[in-house]
Amino acid sequence: MSPVDDERLAPRSVVRRLLARPELGSAVGAVAVFVFFSIVADSFLRASSLGTVLYASSTIGIMAVPVALLMIGGEFDLSAGVLVTSSALVSSMFSYQMTANVWVGVGVSLLVTLAIGAFNGILLVRTKLPSFIITLGTFLMLTGLNLGFTKLISGTVSTKSISDMEGFPTAQDLFASHWTIGSVDLQVTIAWWLGLVVVATWVLLRTRAGNWIFAAGGNADAARAVGVPVARTKIGLYMAVAFCAWISGQHLLFSFDVVQSGEGVGNEFLYIIAAVIGGCLMTGGYGSAIGSAVGAFIFGMTNKGIVYAQWNPDWFKFFLGAMLLLATLLNAWVRKRAEAAA
Amino acid sequence: MSPVDDERLAPRSVVRRLLARPELGSAVGAVAVFVFFSIVADSFLRASSLGTVLYASSTIGIMAVPVALLMIGGEFDLSAGVLVTSSALVSSMFSYQMTANVWVGVGVSLLVTLAIGAFNGILLVRTKLPSFIITLGTFLMLTGLNLGFTKLISGTVSTKSISDMEGFPTAQDLFASHWTIGSVDLQVTIAWWLGLVVVATWVLLRTRAGNWIFAAGGNADAARAVGVPVARTKIGLYMAVAFCAWISGQHLLFSFDVVQSGEGVGNEFLYIIAAVIGGCLMTGGYGSAIGSAVGAFIFGMTNKGIVYAQWNPDWFKFFLGAMLLLATLLNAWVRKRAEAAA
Amino acid sequence: SSTGGKRAEDRAKRAAKANSSAVNTPHWTFAMVTHSGAGDTFWDIVQSGAKQAADKDNIKFLYSNSDQANEQSQLVQAAIDQHVDGLVVTLAKPDAMKAVVLKAEKAGIPVITINSGSQESKEFGTLGHIGQDETIAGRAVGDELNKRGKKHALCVLHEQGNVGHEQRCAGAKATFSGKMDNLYVDGTNMPDVLSAIQAKLQADKSIDSVVTLGAPFAATAVKAADQAGSSAEVDTFDLNAQVASSLKAGTLGFAVDQQPYLQGYEAIDLLWLYRYNANTLGGGQPVLTGPQIVTKDDADALLAYTKRGTR
Amino acid sequence: MNDLTKDTPAPAPAPAGTPLVELTGVSKSYGNVRALREVSLEVHAGEITCVLGDNGAGKSTLIKIIAGLHPHDAGTYTIEGEQVRHTSPREALDRGIATVYQDLAVVPLMPVWRNFFLGSEPTKGRGPLRRLDVAAMRGTTHQALLRMGIDLRDVDQPIGTLSGGERQCVAIARAVHFGAKVLVLDEPTAALGVKQSGVVLKYVAAARDAGLGVVLITHNPHHAYLVGDRFILLKRGTMSGSHLKKDITLDELTREMAGGSELDELTHELMRRTTTAPPATDPENPA
Amino acid sequence: MNDLTKDTPAPAPAPAGTPLVELTGVSKSYGNVRALREVSLEVHAGEITCVLGDNGAGKSTLIKIIAGLHPHDAGTYTIEGEQVRHTSPREALDRGIATVYQDLAVVPLMPVWRNFFLGSEPTKGRGPLRRLDVAAMRGTTHQALLRMGIDLRDVDQPIGTLSGGERQCVAIARAVHFGAKVLVLDEPTAALGVKQSGVVLKYVAAARDAGLGVVLITHNPHHAYLVGDRFILLKRGTMSGSHLKKDITLDELTREMAGGSELDELTHELMRRTTTAPPATDPENPA
Ligand SMILES: Nc1ncnc2c1ncn2[C@@H]1O[C@H](COP(=O)(O)OP(=O)(O)OP(=O)(O)O)[C@@H](O)[C@H]1O
Ligand SMILES: Nc1ncnc2c1ncn2[C@@H]1O[C@H](COP(=O)(O)OP(=O)(O)OP(=O)(O)O)[C@@H](O)[C@H]1O
Ligand SMILES: [Mg+2]
Ligand SMILES: [Mg+2]
């Protein structure tokens, strides 16, 4: 039977149906922001500028994907920002101190980062404390460890350069290369970002794990009652965050060669912001990976668009806040209209 | 009838009953932290140090009280930190520019700050967007406005001194005086803090508004269905945050005379941290004002205790994170044990 | 008082250490409280200078920092509570520090100010000031840019609302004869720094020089200029190993050094001198550690020092 | 504290014949889901109006419109002759309409007594000393539940830890306590035990006798027939019948509720499979 | 897709006489609340065990222990003779125990079909291409609900927007679909219409006929007496009776459930007040 034949349903156009989806409803805000800056900022529409905006969006977007998944699963990760730095520091310092091929460092870093993610998740499910306080704890601890270890090992607050070490060029190809197509400079992070969005969307919508993520965030007790392994799902989500932090961390290392130990603080909020603008609920159970990408793109466009528009930089944050709020309002309004349309 | 007579109830000691309350269960962590630093830090137990720790706790605690109420009511306020600065900037710049009695500036600042709080609340109940995104928007906008206006008016990033203006001494008495009792220096903020905790506890437990706050955070739909004015309650909570931000802002102004426009960013999390350590649920509907005070005290003690203990400052954040996590774990564990005891 | 236990053990250790250090004055404790954010290169070098002096002078050195005025004053108070024997503070936000600095002096603790706040330092009655006014450093940059014939410069601030940063840019703007724009970036997010500078250079092709306010951002600015296809010269405040080698390689125009090592070292040493010998320095005037313009020619000599983290 | 048969003030007499609540041609859609179409209903003082219908027929939607939880899309809603369009349940409450929702509308983490009085807390003292009358609130709660046959250990227990039926009793006791003119009950006896169901029906009858208008939703034709004066039948969002008690027998009512002939077939099938004798002919509990 | 009478594999025959599930002297406290004390129960293949009792008697607590949601504090729990102590509902599910909880355990924001299969999703493909069999999941859901008399517009609707009864039907259809050896139902017909209640009883009977053990909680003595083989009566957390069908009449059962003589009084009181004739002597729906 086709549901549209039911006399209890009013017919609804395809456009409205699409706009009601969390993935697509949020795109309206992105289009609006794009059009707006195309008009007010001369240089915004240039191909080269697009490359810059996409790069800025991708560096947030890569992390916004797992953070969105985690939020759908009902949890936060405040340590995501510094974890990126930790991951970069581990590869760099391990390779340097052991005079090893940088790939060894990269591998060790993956293990360490995943272990930290697992630590977050296990502590969460064991202690049943709110994830805010758990990951706040790891956030502070990692911040301290980043600084403490770097000073202990390098003697300064940043790592030593590893650009002349074995394996650096190949690792750089993977994590920090860029292609120039015409006048557009496309960073490899954009490919990583899109790849992650596709994989995350597939996982969310077409696998059992995805079903479990929605359930764990939507109603953890009910999910447990019908046999969903909620604890394992949440630990897995934290490890997914860690995995993406590892990618971001390696990008940081291989594109800037030297890592400052104090970096990453505060970035966790950018990821959450991207996820929320893209329609993820703070309370869990609702959202999408594509939405997080749209959110990251809105953030990236606004953030850089204000620079392209050459507005007075003293008011930068004001414009940023106002634009983000407007874009999100527009998203929400469109989605509501689309849903409510009889 | 006395519930203890019921054959379906196991008897339970008074201590266990008290420990199961959110207000008191959290105090165990505070005692533990206190004892710990008394042992490891020689200068921690000195009377003058106690004054410093209490002052540090009170500056967070004053804001943690309304933030805890807001969290019980199911919402966040990310703009709370910069709102304090805005409030201070408004009084200072208004008084200076108008060459008015500083009390006029203080009054104008109260109105402006309350208006910003009301703006947050109204936007929240109107748009039904998550409070995270709304107050993130105001956070960014206020940050921009603080800097933009200050530079516009003063030409630099800080305000002009108003210490020689009319009314300054009396205002300073109210917001930034201190009493020296023996060798202990007690700031007036401590009195404000305790006063706010008492009022907030009274409101929460003994007034209709308190009932509504718990209901709005515990189940907003149900609360609305039985006639609770949820929207008004939430707007009121945002205005309570604004009111306390005004107090903190005036303290900032009258104790330092000059206000830096870039300050306050990030403090909103300290308030949330204090509330969460004190037992407030991130999901709303549970918590207490006393808990927030205990949380602020734990945070203040830890933060300063590490300094008194003279540990390597590179690892400061690590110790801070670890101690906070341990204190919260201890709180949660004690409360659970107390509740579960048959 | 007691003859055993931890304290006695500490005393013995101290005695042993005293023998190994250059001086045998009592084991004083000096505290330094700065307005630095966490993990800042500049303040790291200040600290290592201070530590070096502390080791030589048989000093126990305590360091704490906060970029919030309120918090910084509380940290000074904590140092007073610990009855330290000497105090080094920065006066980036002088009004916020006034009360507590006076309190320290009242408690008999000698205070020396470093880095910023040369004017207020005297006003607060401290022993002296060692450092450089951020505005003066900025002015030096403006002059140097003029000398290099630049017309349109970009000042990259990596912390919004930071007083010192504003003063640096304002100083440069004051002496620079061309046009100067500010750009705020998020210093804890290197990709953001990169893309923001890149965007600015793409938006305004007339920019011919970029001034970063911290050494770690210089390399990123170079990369941004490169990717934006801009030929702008990158100059920076402060030094580190990367900056020194970039100067040598010619990818950076110049750097303005204010010798942070010296600020830390001298402050502690002066406190020691004061306690030991009641010496003061500067004759009521601030002792300036900069600004010193470092270019390709000087880079070679400095490279070794930057590598070990003392320049 | 509040025994309906004696304490409730008699409602102000409405103009003769004017129903307390009247819905005419009311419709309601959720997005593109049409939950109600053209439904009319009258609630008179001293009468019990039963709304009956299959699952998903739109009964709760109708209730929510009366309670002011959702505004109606079309049609008119009048209270004592005055046309209204509620934007919040508060307005309906202030007009004397008390409702028990199917999902109960309780705040799980709050103590039972706070839930009982939520939205209508009694206070004592004045000025800044005005405060909740906690002792009275606890006492009333405990008494009201005891009268329904629920002997709570502790009214300070979070309501989320009560059993399903206990929770339902709190919601009903609350509505009965605050009901001034109209009492609206959405499947009040769903989770209740035999004894509690009896008490609820007794309350409903008492409320009617005290001159209140009652709207009762139930899936139990026995309950409905026992106390109801009017029966509104909903089917897939539309009205499929409206009867006065005198015009219909229990048999017919049951048949209509179950959708006619299908029922016979089903009963037959079940009979065949089970080895038991047909159930005793006793009346349904407590009737 | 899965009609119990034909599709369900017959459970592996347990050693003769060994109950599928046996609880002996089981107790459970929530903090200092003693919800269950020394309760024993047996569930045999091809038998329906009814758990009856007042509100708050501890029925749901018993169910949750069987379902593995809460571990028991004391006593023993054996499945097919093997002593167990579940730490998660997954273990009980894997042992073939499917449960309908009183609070239904659904995830409101998720579509109906995802809720239906939650925790036991069918997949197709292999390796990295292993994915949910979405078409089958939707189809099965729609069919299973249709057989219960619920004609959903759209299985993609979030389950939170379904009516109370529709939601309950999803939960029951799910348990019936996945129930392998033991089916545990906590007040399954509470929110159901006349027709749906009949279907559920039919399902229960069919499950029994297919050799499953069934635990049924209900407040309706007619329903219980119609299908039950054993009756366990709980009162304030303790067992107050355990009867085989042959040892008890419907009348006695109803009386015991209502707590004895109190009921008569109540019925009497209600009779006096209402002006209606005693209800028709028709058997309760659908029986
Ligand atoms: N989590 C809990 N914490 C404390 N007490 C609880 C909790 N859950 C249930 N109880 C108490 O245990 C007792 C038994 O509850 P249970 O839900 O098992 O009753 P029930 O027999 O299912 O009742 P009903 O017929 O109303 O559903 C109740 O009095 C209830 O208040
Ligand atoms: N918020 C909503 N959004 C979309 N559809 C809804 C919503 N609420 C209810 N519906 C749909 O409207 C129809 C009527 O629902 P309602 O709750 O009024 O039924 P009901 O008659 O009370 O059923 P029950 O006897 O099962 O409680 C149902 O089919 C339901 O799926
Ligand atoms: Mg309903
Ligand atoms: Mg139950």
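In case you wondered, yes, glycine gets a Cβ from its N, Cα and C as well.
Worth saying up front: this structure is predicted, and the values here are computed from it rather than measured.
Taken from TrEMBL, the feature transmembrane segment applies to B:24-41 (among others). Within its own chain, the transmembrane segment (B:24-41) is flanked in space by residues 18, 277-279, 290-291, 294-295, 297-298, 301-302, 305, 308-310, 323, 326-328, 330-331, 334-335, 338, which lie at least six positions past its ends and keep a Cβ under 8 Å from the stretch.
As annotated by TrEMBL, transmembrane segment applies to B:53-71 (among others).
The feature transmembrane segment is assigned by TrEMBL to B:102-125 (among others).
What TrEMBL lists as transmembrane segment is B:132-153 (among others).
What TrEMBL lists as transmembrane segment is B:186-205 (among others). Proximity of distant same-chain residues to the transmembrane segment (B:186-205), defined by a Cβ-Cβ separation under 8 Å and at least 6 residues beyond the stretch ends, is recorded for 23, 51, 54-55, 57-59, 61-62, 65-66, 68-69, 72, 174-180, 213-214, 244, 247, 251, 288-290, 292-293, 296.
Counting same-chain residues at least six beyond the ends of the transmembrane segment (B:235-254), those with a Cβ under 8 angstroms from any Cβ of the stretch are 59, 62-63, 65-67, 69-70, 73, 75, 77, 80, 83-92, 106, 109-110, 113-118, 120-122, 124-125, 162, 168, 171-172, 174-176, 188-189, 192, 196, 209, 213, 263. Feature annotation from TrEMBL assigns transmembrane segment to B:235-254 (among others).
Annotated transmembrane segment per TrEMBL: B:269-302 (among others), in sequence order.
Annotated transmembrane segment per TrEMBL: B:314-334 (among others), in sequence order. Proximity of distant same-chain residues to the transmembrane segment (B:314-334), defined by a Cβ-Cβ separation under 8 Å and at least 6 residues beyond the stretch ends, is recorded for 19, 25-26, 28-30, 32-33, 36, 273, 276-277, 279, 298-299, 302-303, 305-306.
Outside the transmembrane segment (B:53-71), and at least 6 residues removed from its termini, the chain residues within Cβ reach (under 8 Å) are 44, 77, 80, 84, 185-187, 189-190, 192-193, 196-197, 200, 203-204, 213, 217, 237-238, 240-241, 243-245, 247-248, 251, 267-268, 270-272, 274-276, 278, 280-282, 284, 287-289, 291-293, 295-297, 299-301, 303-305.
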